[in-house]
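As recorded in Swiss-Prot, the features of this protein are as follows:
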BINDING   71, 72, 73, 84, 88, 89, 90, 98  substrate binding site
């Protein structure tokens, strides 16, 4: 099932020099976002840069949100991850999509124009309404926190 999402092109190279975000395979969950920078840039070790993607989206449906996630190869091979770890795009946001790019490695990382930098995934949203209680019904876990369930 495909849900229509409004997309605005902010950089004219998208759709001409570089393709619109799209799913690479039938099983893909995310669409690649590209670095729509004006010139090749180097991100120094420990540095964070905000990178434009050249697009804006409007999800519009309050039952959906978008998340910007890292591409696994960049983090594993080069130490390039998202500065905010996950970018959450609310359904009513209409501004440009930007990627906070953090070089957590000890080596400079060169980013070329149009490089695939992150991925965009759409997820369902449930808006909760809190019900105030004095006590919770008991559960198997109870108040056990970090590491409570073990490692094996």
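Note: Cβ is positioned from N, Cα and C throughout, glycine not excepted.
Not measured: the values here are computed from a predicted model.
Shown on the structure are the features that Swiss-Prot records.
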{"residue": "71", "record": "substrate binding site", "DSSP class": "coil"}
{"residue": "84", "record": "substrate binding site", "DSSP class": "coil"}
{"residue": "89", "record": "substrate binding site", "DSSP class": "strand"}
{"residue": "98", "record": "substrate binding site", "DSSP class": "strand"}
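For the binding-site residues listed here (72, 84), the lowest count of other CB atoms within 10 A around the CB belongs to 72. The Cβ neighbour count for residue 90 (substrate binding site), using a 10 Å radius over every protein chain in view, is 12. Residue 88 (substrate binding site) is surrounded by 12 other CB atoms, counting those within 10 A of its CB over all protein chains shown.
Neighbour counts of Cβ atoms within 10 Å were compared for the binding-site residues 89, 98, and the top value is held by 89.
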